[in-house]
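Take a look at the structure below.
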Amino acid sequence: MTFAELVDRVASNGPFQLLHTVLLGLPILGMANHNLLQIFTAATPTHHCRPPPNASMEPWVLPMGWNGKPEPCLRFAYPSNASLPNDTQGATEPCLDGWTYDVSSRDSIVAEWDLVCNSSKLKELAQSIFMAGILIGGLMLGALSDRFGRKPILTCSYLLLAASGSGAAFSPTFPIYTVFRFLCGFGISGITLSTAILNVEWVSTRMRAIKSIAVGYFYTIGQFILPGLAYVIPQWRWLQLTVSIPFFAFFLLSWWQPESIRWMVLSGRSPKALKTLQQVATFNGKKEEGKKLSLEEIKLNTQKEVALAKAKRSVADLFRTPILRRMTFCLSLAWFSTGFAYYSLAMGVEEFGVNLYILQLIFGGVDVPAKFITMLAISYLGRHTTEAALLLLAGGCILSLIFVPADLMTLRTVLAVFGKGCLSGSFSCLFLFTSELYPTVTRQTGMGISNMWARVGSMTAPLVKITGELKPFIPNVIFGSIALLGGSAALFLPETLNRPLPETIEDVENWSQRAKESKQEPEAEKASQKIPLQAHEPGLGPS
């Protein structure tokens, strides 16, 4: 009996599972707010140079930009009524006395700390630092989770996100703000890691995909909540505080969460695992089934999984054989390109010139049909075909933005929304596809490395946006090309539809060998069919 069968027998598909899903899903609502928060807290308001202090009594005309609006980063060096030589008339200079912002609709960190013109790169840097926190948190908290358990890491991550998010709301300077945002990312990584593991351990095997999708939809719903909160709370500090405070409540609620049964057994805490199983069985109305369980039965039926888990594995195992090397390389590229391109669109909402709140609702809403269509596609067309198609379509949409004029905002928005939906579907497909490709003995390591590349991509995306200062089309060329590259790499991955999960590296090798043989058989049949046909051609046989 495996862990999954053990849970199926005494504690699956009952009231506990519903409550467990809700308790894990509610924080995911807030996590979406933090991931996309800078769309609103770092929005760039309309701005122009502030005249010199001594210019209050003199008319000071601002230079006009190509769009007919005042130039945001330059001002005339002299007042319009000054008597000057011809060669100095119209001379401009940078905004030496700061900027005047239109904060009638909302304020932001951009207006508070002057993150415009030459300092506009700092806005993108703040988002990259947040993503760096997620990346480093994933690398560190994975090992800590294996040592101390899933529940302690989840509980501490809730508290860290609540405290650091609240701290960011009271930041007196930009550097302190970025430190708190880094810690927010670190905490989010711990929540993601622990939730993904705990989410699937308390349901039957056939219900795992459904429960994973259900928790994923909590994130989608969170994207609807954020623009509503931002509309009601235009002050960035209050908005930052509002999305952080609930995690103090989640911290308290997490004490009710049971620890991972699998982790307790593997770490030598079988008596505690037995007690937890019996408590959950009682909650689900299966008290008698729970009483039938014994410590000896748990140890006996989980010997194989315990032995596999205790085998020392490292990242080097992902490159041990040619098929694993190919899988690791192609998956890493697919994960990187998905994270890279996804955040280029998700964090670029204000670039499309549409109402920020409405567009964010549309960007969040497209995830609903995108995830549903993706699940249908991977169930009938296969994982390999779906993943490649999603990334190739997304790359095509991003590259198309280069050729659509800026005044065709509706068309640009449609392309961006469609591309974002494809990338959202790519994430859903990759989580399942990756877990099915890697064997049990390296699955956790493979998932960790793959997720790391997605974080590297999302961390790099804001920095690539800075290249738009050289030529506006450069970021889309990079984002679109990388997405196409990731889609091409997915074509070289083996299909996993209707195949059993591989347990060992040898299983993957045998699986690959059988796939090659199945491809060679039709070719051999075609070749054999051509031989008798040639015998009837003129000069080769009887007429």
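For all residues, glycine too, the Cβ spot is worked out from N, Cα and C.
In TrEMBL this protein carries:
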COMPBIAS  514-528  compositional bias 'Basic and acidic residues'
DOMAIN    83-498  domain 'Major facilitator superfamily (MFS) profile'
REGION    511-543  region 'Disordered'
TRANSMEM  125-144  transmembrane segment
TRANSMEM  180-200  transmembrane segment
TRANSMEM  212-232  transmembrane segment
TRANSMEM  238-256  transmembrane segment
TRANSMEM  327-345  transmembrane segment
TRANSMEM  357-381  transmembrane segment
TRANSMEM  388-408  transmembrane segment
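Proximity of the transmembrane segment (327-345) to the transmembrane segment (212-232) is not established, fewer than 3 Cβ-Cβ distances being under 8 Å for residue pairs spaced 6 or more apart.
A contact links the transmembrane segment (357-381) to the transmembrane segment (212-232), because at least 3 Cβ pairs that are 6 or more residues apart lie under 8 A. Taken as a whole, the domain 'Major facilitator superfamily (MFS) profile' (83-498) shows an average pLDDT of 84 in this prediction. Here the transmembrane segment (125-144) has Cβ contacts under 8 Å with residues 38, 42, 109, 153, 157, 174, 177-178, 181-190, 192-193, 343, 347, 444, 448, 451-452, 455-456, 458-460, 462-463 of the same chain, all six or more residues outside its ends.
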